[in-house]
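> Checked TrEMBL, it gives:
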COILED    172-199  coiled coil
DOMAIN    1-430  domain 'Major facilitator superfamily (MFS) profile'
TRANSMEM  21-38  transmembrane segment
TRANSMEM  50-68  transmembrane segment
TRANSMEM  74-94  transmembrane segment
TRANSMEM  106-124  transmembrane segment
TRANSMEM  136-159  transmembrane segment
TRANSMEM  276-297  transmembrane segment
TRANSMEM  303-327  transmembrane segment
TRANSMEM  334-354  transmembrane segment
TRANSMEM  374-396  transmembrane segment
TRANSMEM  408-426  transmembrane segment
Amino acid sequence: MSGAVIYIQRELKISETQVEVLMGILNLYSLIGSFAAGRTSDWLGRRYTVVIAGVIFFVGALLMGFSTNYAFLMVGRFVAGIGVGFALMIAPVYTAEVSPAVSRGFLASFPEVFINIGLLLGYVSNYAFSGLPMHLAWRMMLGVGAIPSAGLAIGILFMPESPRWLVIQGRLGEAKKVLNKICESKEEAQNRLNDIKEAAGIPQDCNDDIVQVTKHSQGKGIWKELFIHPTPSVRHVLIAALGIHFFEQACGMDSVVLYSPRIFAKAGIASNSHQFLATIAVGLVKTTFILISTFLLDRVGRRPLLLGSVAAVTISLGTLATALTIIDHSEKKLTWALVLCIVAVLSCVGSFSSGLGPITWVYTSEIFPLRLRALGASVGVAVNRTTSGIIAMTFISLYKAITIGGAFFLYAGIAMVSWIFFYMILPETQGKTLEEMEG
């Protein structure tokens with residue numbers, strides 16, 4: 001959308017306010033998907049919820065690609081937003097639930113890895129289709145998203161169901177078969193099954209293939225347990241999860257990613273194709289650093305990576321704000337300031353992707369107790385998407401009110417506050433099984 005919106009604004013003659021709404025509204029629409037996915041994943045299972053997400057993505061991409069006007073485009077954005085909510089909630093939960101503790105950080109960061117690869121492909125499609133006639137260019141940029149959506153919906157059918165979901169449905173026989181496939185030994189599989197049974201409230205001596213489970217195990221009354229009468233540990237989990245989701249977006253990374261062509265234009269890059277090439281560099285850096293972080297999560301731990309990442313993001317945002325302020329107050333083109341802007345943007349996205357980006361999803365997929373995980377994850381996604389939508393839909397208005405440099409100074413201040421929050425609230429979770437996490 002970051003590149004497509006340039007052509008959309010020219011062809012459909014939409015205002016700056018409509019641009020802001022178009023860019024950010026998908027995140028608010030995704031609230032519907034994230035809440036629906038929490039219930040759907042407990043009802044139909046984690047795997048079929050991913051299938052639903054893929055189908056919704058496919059329809060949304062086609063609707064946007066065939067849009068004839070702004071209203072039609074917003075319908076496509078609405079459908080795609082619901083798919084985003086489904087996927088953002090279920091992908092980390094599913095991955096965490098089929099992963100062993102020793103490599104869970106590595107594997108649970110994969111959704112964020114492929115989100116970044118998707119961003120990179122989006123930037124590449126901006127550049128690749130930019131030479132087409134205007135009415136075709138943006139439609140191809142958006143419609144091409146239907147291809148990976150189909151792959152997602154079909155591919156997940158060849159994957160196993162989450163053993164934890166099978167256990168809370170009382171399907172112990174199927175859960176044991178899945179654990180035998182994904183564990184290194186039958187002994188490890190049996191130990192994991194025993195841990196999951198204990199977390200689900202199923203007696204250890206109950207070994208039938210299908211057993212009756214209590215309504216509590218199936219997720220009844222979890223709203224009260226999570227929000228109205230939480231235990232001290234659940235309250236801590238909730239504060240940590242909602243806080244990390246809020247700060248991940250409040251530091252303004254969506255403004256950097258969605259509006260990078262605009263930022264580069266402000267910095268002095270006039271050509272659309274050159275702006276798109278610069279955004280490809282942004283995508284490459286984001287993808288490279290997140291790949292590096294996946295290999296460090298289970299070696300270094302979540303907490304050191306998170307704190308180091310947020311500190312670097314704060315410095316990068318402050319540098320970008322300073323460079324843009326200098327450019328704003330200069331009457332001639334300053335090459336060194338332009339270079340500093342580009343370096344600061346790349347440093348910002350690289351720092352974010354090395355810690356805060358993937359750890360947000362890894363952390364919240366692993367700290368909730370089994371009975372609260374689906375709902376807790378969906379509430380976390382809701383906070384994340386709401387904050388993201390507000391950031392995306394206010395950026396143009398914000399920088400017009402306090403200058404573009406002032407906007408990034410504000411984001412840097414929020415990032416600094418987030419570092420203090422993470423230092424005070426978030427414990428290390430490296431190497432703990434999901435069943436150990438509550439303690």
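Positions of Cβ are set from backbone N, Cα and C atoms, glycine also.
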> Do you know the mean pLDDT across the domain 'Major facilitator superfamily (MFS) profile' (1-430)?
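For the domain 'Major facilitator superfamily (MFS) profile' (1-430), the model's average pLDDT rounds to 86.
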> Excluding the flanking five residues on each side, which residues at least 6 beyond the ends of the transmembrane segment (303-327) place their CB within less than 8 Å of a CB in that stretch?
251-253, 263, 266-268, 293, 296-297, 334, 337-338, 340-341, 343-345, 347-348, 351-352, 354-357, 359, 403-409, 411-412, 415-416, 418-419, 422-423, 426-428
> Restricting to CB pairs under 8 Å, which listed stretch, 21-38, 50-68, 74-94, 276-297, 374-396, is in contact most with the transmembrane segment (334-354)?
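Ranking 21-38, 50-68, 74-94, 276-297, 374-396 by Cβ pairs under 8 Å to the transmembrane segment (334-354) puts 276-297 first.
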> Of the listed stretches 21-38, 74-94, 136-159, which one has the most C-beta pairs under 8 A with the transmembrane segment (374-396)?
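Result: 21-38.
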> Under a Cβ pair cut-off of under 8 Å, which of the recorded stretches 21-38, 74-94, 136-159, 408-426 contacts the transmembrane segment (50-68) most often?
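By the under-8 Å Cβ criterion, the transmembrane segment (50-68) pairs most with 136-159.
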> Grab the same-chain neighbours of the transmembrane segment (408-426) for me: Cβ-Cβ under 8 Å, and only residues 6 or more beyond its ends, written as numbers and ranges.
236, 239-240, 243-244, 247, 250-252, 255, 302-303, 306-307, 310-311, 313-314, 317-318, 320-321, 324-325, 363, 398, 402
